[in-house]
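Asks: Copying in the features that Swiss-Prot gives for the protein in this structure:
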- Gly80, Pro81, Glu82, Ser83, Ser84, Gly85, Lys86, Thr87: ATP binding site (BINDING)
- 348-387: region 'Disordered' (REGION)
- 349-360: compositional bias 'Acidic residues' (COMPBIAS)
- 378-387: compositional bias 'Acidic residues' (COMPBIAS)
Amino acid sequence: MATKKKTNFDDITKKYGAERDKALADALALIEKDFGKGSLMRLGEAANQKVSVVSSGSLALDIALGAGGYPKGRIVEIYGPESSGKTTVALHAVAAVQKEGGIAAFIDAENALDPEYAKALGVNIDELLLSQPDYGEQGLQIAEKLITSGAVDLVVIDSVAALVPKAEIDGEIGDSSVGLQARMMSQAMRKLAGHINKTKTTAIFINQLREKVGVMFGSPETTPGGRALKFYASVRLDVRGSTKIEEGSGDNKTQIGKITKIKVVKNKVAPPFKVALVDIMFGEGISSTGELLNIAVEEGIIKKSGAWFAYNDEKIGQGAEKAKNYLKEHQDVFDEIDHKVRAAHGLLDDSEVAETEEETTASKTKAKAKKEEKXVETEEIELELQD
């Protein structure tokens, strides 16, 4: 009886595996040729790439965002009640981008931007690109052209609620315009999302709040413009004013600002639901000294005992306002604490981390040398006493 030849599956796997690998390599080369480098990659290669960000202009918010700022090439939505600080938060991002040498644009659909206030927040108004469109489609088309140019780092649209479709503007008051704005925003998101990702532009959409009628359970709050923006946004921030900041006492109390809570309700680049508490001072914006003081106390870098604040065992003020004034007047101390806070939260780049490690090593070496010197002095004293 003839013996049946045993099939070697390893040889078959190797043969077809080699053919498959060659076919895949050819397909990848063709895709790269037709659509450009990076149009298709292995997930492992993409995972190793660190998310590029632009600073929000607020240390507390950069920490809450997890990645260290707003992600480049993504859409961000900032929403909240009236006068909660939404535009202030966006303008700080504009100032931060300009500080790094970037170009920012502001689509002012509400026609409410105050140049003097923007200047007080650190915005270079001479370099800021500003548009006040007549209708919604025009504003979105201007934003699209700026984004596709690849020359702009940040585009702010203020606000989605004010992007009124042309058909609604041309019509009469009282005409039905159900779904017009939602359709406009849905189409805009489909067009803009790809361009934003390709050019690595950060797009910030400021939005207002509305209330749904007849909601019995859950929050009745919603944002205008349909659902498209909610889906396409990588980051969504809920901005709400909470506590008054006052100075003086009794009848002479004056409100000089407010503590604002910024909640990260959606985040595709880091864990969501983190909260940043910032001091928004009237005429000044987010207080950098205020948020640094709060975070440094949380991290134990600045010690708080009762109403007193101390750094390196030296008292810097009784009460938060005096401690903030001390940090304003002593820039070197502010920079030192800021560096320590950023190091604690991994917000330093590689060169700064290396510099910090060198400083730490030098500090430890110095402390060790001092300890050894003290020990030698002690031994000499003991020998003298014995003699």
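Just so you know, glycine gets a Cβ as well, placed from its N, Cα and C.
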Asks: Work through the binding-site residues one by one (Gly80, Pro81, Gly85) and point out the residue whose CB has the fewest other CB atoms within 10 angstroms.
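Replies: It is Pro81 that, of the binding-site residues Gly80, Pro81, Gly85, has the fewest other Cβ atoms within 10 Å.
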Asks: Can you count the other CB atoms that lie within 10 A of the CB of Glu82 (ATP binding site)?
Replies: 8
Asks: Taking the recorded ATP site as Gly80, Pro81, Glu82, Ser83, Ser84, Gly85, Lys86, Thr87, identify the other residues of that chain whose CB atom sits within 8 Å of the mean position of the site's CB atoms, giving them in sequence order.
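Replies: Those within range, site residues removed, are Val239, Arg240, Gly241.
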Asks: Check the DSSP secondary structure of Thr87 (ATP binding site), expressed as helix, strand or coil.
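Replies: DSSP call for Thr87 (ATP binding site): helix.
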Asks: For Thr87 (ATP binding site), list the number of other Cβ atoms lying within 10 Å of its Cβ atom.
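Replies: Step by step: centre on the Cβ of Thr87 (ATP binding site), count other Cβ atoms within 10 Å, giving 24.
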Asks: So how many other Cβ atoms are close to Ser84 (ATP binding site), meaning within 10 Å of its Cβ?
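Replies: Result for Ser84 (ATP binding site): 23 other Cβ atoms within 10 Å.
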Asks: If you count, for each of the binding-site residues Ser83, Lys86, the other Cβ atoms lying within 10 Å of its Cβ, which residue has the minimum?
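Replies: Each of the binding-site residues Ser83, Lys86 was scored; lowest Cβ tally within 10 Å is Ser83.
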